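Enquirer: Structure below; questions to follow.
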Amino acid sequence: MTQSVPAIFLDRDGTVNVDHGYVHEIDNFQFIDGVIDACRELKEMGFALVLVTNQSGIARGMFTEEQFLSLTEWMDWSLADRGVDLDGIYFCPHHPDGSVAEFSETCECRKPLPGMLLQAQNELNIDMAASYMVGDKIEDMQAALAANIGTKVLVRTGKPVTAEGEAAADWVLNSLADLPKAIKARYK
C-alpha cells in the first residue's frame with residue numbers, strides 16, 4: 001500500500017478567492033493576494049492540495065451546477081498555469097432549504113459535516129493527522145474536527161472572525177498566504 005500523504009484542505013470563497021457572495025462567474029472571481037504563491041510553496045513542501053467547498057447557490061437556484069463546474073475548470077487551469085496543481089476538488093451543491101428539488105436535501109457532504117473531507121481521504125490516501133484545514137468560517141473548523149484533521153486554521157480574508165471561530169481553530173492567520181511560513185516555524 002502506498003504511504004499516505006498530508007494535505008492542505010482549502011475552503012474556496014473567502015480563503016482562496018475574495019468572497020463577493022455566491023461567486024459563479026469568471027468576472028467575479030479574484031484570487032486573494034499571495035494565495036497562488038502560498039499554494040505553490042505548500043506543494044513544494046510535500047502537501048496535497050484539496051479544495052472542499054459548500055456551494056449552496058446551486059440548491060438555491062442562484063446558479064447551475066454547470067456554471068459552477070465551468071468556473072471551477074477555469075480556476076483549476078488558472079492555478080495550473082501558475083504552477084499549482086490541485087490534487088482534488090470536492091463540492092457540496094446541497095442545502096436543506098434549497099429551491100432546486102434535486103439539491104434540496106440534508107446531506108453528509110455539507111460542512112460542518114465531514115463528508116467531503118472523508119471522501120478525499122479515501123480517494124487520495126490522506127494522512128488526516130498530519131493535514132491542515134484552512135477556512136474562513138466555524139463550519140470549516142467543525143468539519144476538520146469531525147474528520148480528525150490535525151490542524152484547523154481560520155483565516156481573516158473572508159467572513160468576520162468570531163470568538164466561536166477562534167475557539168474552534170488551532171491557528172488564526174491573516175491569510176492562507178501566511179500558512180507556509182507558519183508551518184515552517186512549527187517544525188524549526
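Note that Cβ sites are derived from N, Cα and C of the backbone, with glycine treated the same way.
Pulled these features from Swiss-Prot for this protein:
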BINDING   Asp11, Arg12, Asp13, Asp19, His20, Gly21, Tyr22, Thr53, Asn54, Gln55, Ser56, Arg110, Lys111, Lys137  substrate binding site
BINDING   Asp11, Asp13, Asp136, Lys137  Mg(2+) binding site
ACT_SITE  Asp11  active site, nucleophile
ACT_SITE  Asp13  active site, proton donor
SITE      Thr53  site 'Stabilizes the phosphoryl group'
BINDING   Cys92, His94, Cys107, Cys109  Zn(2+) binding site
SITE      Arg110  site 'Contributes to substrate recognition'
SITE      Lys111  site 'Stabilizes the phosphoryl group'
Enquirer: Work through the recorded positions one by one (Thr53, Asp136) and point out the residue whose CB has the fewest other CB atoms within 10 angstroms.
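Expert: Ranked by other Cβ atoms within 10 Å, the recorded positions Thr53, Asp136 bottom out at Thr53.
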Enquirer: Determine, using Cα-Cα distances only, which of these recorded positions is closest to Asp13 (substrate binding site): Thr53, His94, Cys107, Cys109, Arg110.
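Expert: Nearest candidate: Thr53.
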Enquirer: I'm trying to understand the geometry here, so how far is the Cα atom of Cys107 (Zn(2+) binding site) from the Cα atom of Thr53 (site 'Stabilizes the phosphoryl group'), in Å to the nearest whole number?
Expert: 14
Enquirer: Please report how many Å separate the Cα atom of Lys111 (substrate binding site) from that of Thr53 (site 'Stabilizes the phosphoryl group'), as a whole number.
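Expert: So the Cα of Thr53 (site 'Stabilizes the phosphoryl group') lies 8 Å away from that of Lys111 (substrate binding site).
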Enquirer: Between Asp136 (Mg(2+) binding site) and Asp11 (substrate binding site), find the distance joining the two CA atoms and give it rounded to the nearest Å.
Expert: 8
Enquirer: For His20 (substrate binding site), what residues in its own chain, 6 or more apart in sequence, show a Cβ-Cβ distance under 8 Å?
Expert: Asn28, Gln30
Enquirer: Give the number of CB atoms, excluding that of Asp13 (substrate binding site) itself, located within 10 Å of its CB.
Expert: 23
